[in-house]
Amino acid sequence: MKWKHVPFLVMISLLSLSPNHLFLAQLIPDPEDVERGNDHGTPIPTSDNDDNSLGYTGSRLRQEDFPPRIVEHPSDLIVSKGEPATLNCKAEGRPTPTIEWYKGGERVETDKDDPRSHRMLLPSGSLFFLRIVHGRKSRPDEGVYVCVARNYLGEAVSHNASLEVAILRDDFRQNPSDVMVAVGEPAVMECQPPRGHPEPTISWKKDGSPLDDKDERITIRGGKLMITYTRKSDAGKYVCVGTNMVGERESEVAELTVLERPSFVKRPSNLAVTVDDSAEFKCEARGDPVPTVRWRKDDGELPKSRYEIRDDHTLKIRKVTAGDMGSYTCVAENMVGKAEASATLTVQEPPHFVVKPRDQVVALGRTVTFQCEATGNPQPAIFWRREGSQNLLFSYQPPQSSSRFSVSQTGDLTITNVQRSDVGYYICQTLNVAGSIITKAYLEVTDVIADRPPPVIRQGPVNQTVAVDGTFVLSCVATGSPVPTILWRKDGVLVSTQDSRIKQLENGVLQIRYAKLGDTGRYTCIASTPSGEATWSAYIEVQEFGVPVQPPRPTDPNLIPSAPSKPEVTDVSRNTVTLSWQPNLNSGATPTSYIIEAFSHASGSSWQTVAENVKTETSAIKGLKPNAIYLFLVRAANAYGISDPSQISDPVKTQDVLPTSQGVDHKQVQRELGNAVLHLHNPTVLSSSSIEVHWTVDQQSQYIQGYKILYRPSGANHGESDWLVFEVRTPAKNSVVIPDLRKGVNYEIKARPFFNEFQGADSEIKFAKTLEEAPSAPPQGVTVSKNDGNGTAILVSWQPPPEDTQNGMVQEYKVWCLGNETRYHINKTVDGSTFSVVIPFLVPGIRYSVEVAASTGAGSGVKSEPQFIQLDAHGNPVSPEDQVSLAQQISDVVKQPAFIAGIGAACWIILMVFSIWLYRHRKKRNGLTSTYAGIRKVPSFTFTPTVTYQRGGEAVSSGGRPGLLNISEPAAQPWLADTWPNTGNNHNDCSISCCTAGNGNSDSNLTTYSRPADCIANYNNQLDNKQTNLMLPESTVYGDVDLSNKINEMKTFNSPNLKDGRFVNPSGQPTPYATTQLIQSNLSNNMNNGSGDSGEKHWKPLGQQKQEVAPVQYNIVEQNKLNKDYRANDTVPPTIPYNQSYDQNTGGSYNSSDRGSSTSGSQGHKKGARTPKVPKQGGMNWADLLPPPPAHPPPHSNSEEYNISVDESYDQEMPCPVPPARMYLQQDELEEEEDERGPTPPVRGAASSPAAVSYSHQSTATLTPSPQEELQPMLQDCPEETGHMQHQPDRRRQPVSPPPPPRPISPPHTYGYISGPLVSDMDTDAPEEEEDEADMEVAKMQTRRLLLRGLEQTPASSVGDLESSVTGSMINGWGSASEEDNISSGRSSVSSSDGSFFTDADFAQAVAAAAEYAGLKVARRQMQDAAGRRHFHASQCPRPTSPVSTDSNMSAAVMQKTRPAKKLKHQPGHLRRETYTDDLPPPPVPPPAIKSPTAQSKTQLEVRPVVVPKLPSMDARTDRSSDRKGSSYKGREVLDGRQVVDMRTNPGDPREAQEQQNDGKGRGNKAAKRDLPPAKTHLIQEDILPYCRPTFPTSNNPRDPSSSSSMSSRGSGSRQREQANVGRRNIAEMQVLGGYERGEDNNEELEETES
């Protein structure tokens, strides 16, 4: 075995030069050999060289070396995470072994291997952990460790040692829950600690302190806390604590509530009280929670309304009755249990007499009985005594044979063998514990005779009727002692028995035979004895023969009642005796009533009936004499008779007069008062100011007049004060309530009887204390001062409240020292005898208020006024003025909720105001933006006229709708289409210059019109750059403009100057007007001095109309009612809306511009709307394209309508328009005027009714009129105007001035039309400001102006796609402002522009149209006026077809061929018209009140011609259909171009009108088909019609008043074609007024023109 080691030793020797090699060799020994060597104990030789760590040199082993041995094995460790830990390991061996540690078979890396390691290998071999690393995923330190010690001799391995990381989670697996138990019950709380390692132990804490488990009642087992018998002290908050080496974890708090079953602190006790006293059962219970206490009566309910349960649960029963006796139970109950306690109430009822003894009158030797019966609780004892005698007689005494007096068990006193000495009073007295009462009766002894009553008649006579010679018998049966004597009397005369017919039998019966008539009378039976007599009467009637006499009925004894019982006297007074009896029901019939008779010697010697018809068995007999003896008997009666009398009652003596009235014996009174003994009961305290006193009288006396209750406060504080007296003057009363007592005061009370000035003995004294209340006054003299002994203490002193306000005994005083915060509050309480207190530890700088209040048993009283004190830093009081700093005051105010709320409200209001301002500002800016850009967005043709007038020296824009410009006044901004101007209500000054000078100059206030061409131009900004240089026309417009009518237009159609349907000025002269800004001819004649008759009331016949020339004027709104309204003052110059034409025949003015008409009215008008400023733009000169105006106007005086000279511009006589004094008429006013004036020509787009006529200012920027609707009716007004003007020969017409220089083009806000300049416009430059603003738009506008005419109506646009263009784009711009027009706005806003004629072809047609306008030749027609002169009407004068004109007659389509007329069937809501619409510019005005709920599609809406007068026989279906549609627009339609003659205007000549219509059309239609009544017609709401070109009605074809504005937009297509062709004339060629003639000439002329 040794040789086995040789290789090993050789290897060792070879490696001896290298210690590392040697160390490695040591690590690689043969374990088997080593173990074997160790086992055999063979020492391994080692070298002596100490430096050789292996202990050998060369191949030698040292003898002293030995292998390693573990001396100290490591032990298991449980360490908290992050804590240091050490695994100990010690080994010994030689050489010293090296120690390594292994965990789970792997070598542990220490700091020697890695200096950063948290494991350190200590020199002793222990493994030290700087901190235990332990995470959720990585747990490098936890595991099983072994220590290995090695040297070259071998190695030693220690025992396994586990290192575990202690864990203790936070969450308990089960938290204890609240427990509620009752006292004495076990309580269990369960708790499961959080998971941990090692398993945590459980302990408990109560109210934050460790629970003492030494108490044998408390057991902690398995996490459960058990308390076997809980006490009230066990209640609290418990926490379960889980503990291990990591630490502690506390559970949620669980509260143990130990409830207490109810238990009685004070149980109710049995009570015995007297009747009418109060009973109180006290019951006081405790428990947790506080139990509820209630009361119940075991054998019934508590007495209603007589019991109360006080706050202390005391049951009080007031005025106890005998029925209240029983057991009362107090029930205390809470959620834990219930407890009951009972007490018995015994009601002690004082005795009272059931039967009182009465005075008796008895004869000597007789026996008398005094009855006395009493009841009470307990049953009272009754005893008798004779007054003045002390001998008492009791019922239970055995009778004495020698005594004549005895008392029965019931209490009756019987005296036998009455003697005269027995006379006197006998007193019956009853007694029990509740009291005693006495009564007495008098015994009177009389002689025997005097004692006998008078006789009694048992059966007396009855009434009878007998016949002559008949026999009747009167019976009278009487009893008495001795036997009474019976006598009869007839009528008071004794009956004589000497007559043989009369016989009295022995028994007293009287018999009379052969009765005679003289026997009739009253018969009385008198029964008499020495003691008296009795009488009974009956009436006997004897009748002659022949009178039927009914024999008396035989009386059956069984039918008569039996006699009642003997009456008993129950009560006696001075004048009254009460009797009671019982009927005898054993025999006889039942009685129905009773009769009572009485006898007294004091009243007479006979029985007297004192009561009859007594229905009861008790009766009080009144009216008796005092001190008299009476006897009574009772008889029963029914229908068959009267019974025998009852037995006579015992004698009854009424009482004598009062002793006081008779004079009294003072000694007797004093003696009796002295004998009256009062017993005073314990007083009952009712409240804090009243006490009830009860007493009883032992010796009652008749001389007791009342009682005096004496009381006074008692106690040392009060001394011997005087007695206060409370008198009771009712002798029978035995209790009283003393009121007005002092609160909380002890009183001593006694009672004393009295009679007048005599007084009896006092009762014993009783004591009682009233209830306390809280003091009603504060302590007095409260002072606060600094305490000298302590720097931060104060001394509070006071005096008690006044004694009369203490309301009891002051038990303590409460002192409040309150700082400005609750943490500084200090409260003190001292006893009632202390009047000062020191309050320490006041905080310097804090202001304190000190209050003091006294407290009694009832609570604290009133607090004193607060005393303020504040100490500085040195403890000295601060002066009052320095106590509150300004900062503190400000801080207090700022902290107030009201201040904070006010600041919040103010901020909110500011925010809201800012929001409103911002909203309005944004809206205004958006309005400005939409004014410029919005027009282009909406393809609409809107004629937006605006009147600019002066008010107070400054230019003001009219209150109408947008459109008028005053280019010379920057302030008078034109109204934008999307805005509404503010309407002035009063414009009385005539500052509007509507008259142009002959030289072409006009005043700066001249009205400028915005035409739809402007809108068209503006709209094209958004098209595909289709721009054409559009030159602004300079002149060539010939119409007057009455500016004030623009204002009228904003009103309803009622006008004060409309007389009989005619508009006249105060002088009766019609006023001319025009729809567009036309160059007016000189109005040479003064309108105010016109010769027209304002009172003229007629319709001109058609013949006259033929001779009258109708000037060409545009009408916009039927203003016949409107003008009348604002012309109420005759001094105001007459005006007609600038766009209206006066109808001489109808008296109406007609509207052809919806822009104007829709602006009137107040409905829907947004007042105060401002018009944003619109920049002016320089316009191109249209002079190159348009011919000049005619050099010589037509030679007719009516041409003055079209020219006004400069000198007449401000002529006072000139019809200068005046703004209306009242802008709007109310609907009712309109209706009234409508009724007064009769039928009024309907207005296009507005109902003839006032409601429909009234306009509201609504934005019409999205409503588009049809291009031709608006123009024709303007020209159709001419016949009336011409006819009326013929009455003014002095009027002269001046030629129109030559074209002026170029003027700025219309501002971009106008819709569709370029404002044509007036003469004054030619020389008037816009303000620079507006020009500058306009320069920005000039370039754009110039390129679009030429597009205007092409956009108006070209063959491609208006004919080819007329319906769509009208519906899509044109209608969008038309607005109606009546209430009915709200829908039309909505309709137009949704109208499609798909059908718009803004196309490339349209653009070309527009350019071509403009060229055509420049050289258009129109054949003129002459007509005759009234004088036979042929002339042209002004409206038919040749004039250039300027795009600035809204006259659709001047269209480029004149040259086109007229289409053949088509017959169209008129359909409600879908009226179709066919017309040439390719050459007309968009007319200016839509129907003002057209109301369409839906936008018509381009296939629905069809072009309609101008409505012309219809024949009276025309079918009225149009009206009816329109009315059924509910349209607000009333007008007459022209079907297939046929004109209708208004019957009102020309009722006598409808045929001529029909012929004229047929001529104009070229094909005549039957008049019956178009015969419509003159009534106003509402067009259906869907009838939003495109433009139709206005016609030139001749004097032979006057306008129907119903076609006012409807003729502008409603008409047959044939008529429109006729009028369009005729109307397309070159103004330059029109030298004289012309008119249309009937026949085919029209067509011929049209053909010539087209050619």
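Including glycine, each Cβ sits where the backbone N, Cα and C put it.
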## Note on the structure
Record (Swiss-Prot) lists phosphoserine for one of S1055, S1266, S1492, namely S1055
### Task
State the disulphide partner of C372 as given in Swiss-Prot, choosing from C330, C428.
C428
#### Entry: N820, N1082 - residue that Swiss-Prot labels as N-linked glycosylation site
N820
### Task
Write down the residue from Y229, Y396, Y932, Y1038 that Swiss-Prot flags as phosphotyrosine.
Y1038
### Query
C147 forms a disulfide with which residue in Swiss-Prot, given the options C89, C191?
C89
### Message
Going by Swiss-Prot alone, which of N463, N966 is annotated as N-linked glycosylation site?
### Response
N463
### Task
Establish whether the number of Cβ pairs under 8 Å between the domain 'Ig-like C2-type 4' (351-446) and the domain 'Ig-like C2-type 1' (68-164) reaches at least three, counting only pairs separated by 6 or more residues.
no
### Task
Pull the DSSP breakdown for the domain 'Fibronectin type-III 2' (676-773) and write it out as helix, strand, coil residue counts.
0 helix, 45 strand, 53 coil
## Note on the structure
For the domain 'Ig-like C2-type 2' (170-257), the DSSP residue counts stand at 3 helix, 45 strand, 40 coil
#### Entry: Number of helical, extended and coil residues in the domain 'Ig-like C2-type 5' (455-541), per DSSP
3 helix, 47 strand, 37 coil
### Message
Can you give me the average pLDDT across the domain 'Fibronectin type-III 1' (563-657), rounded to a whole number?
### Response
88
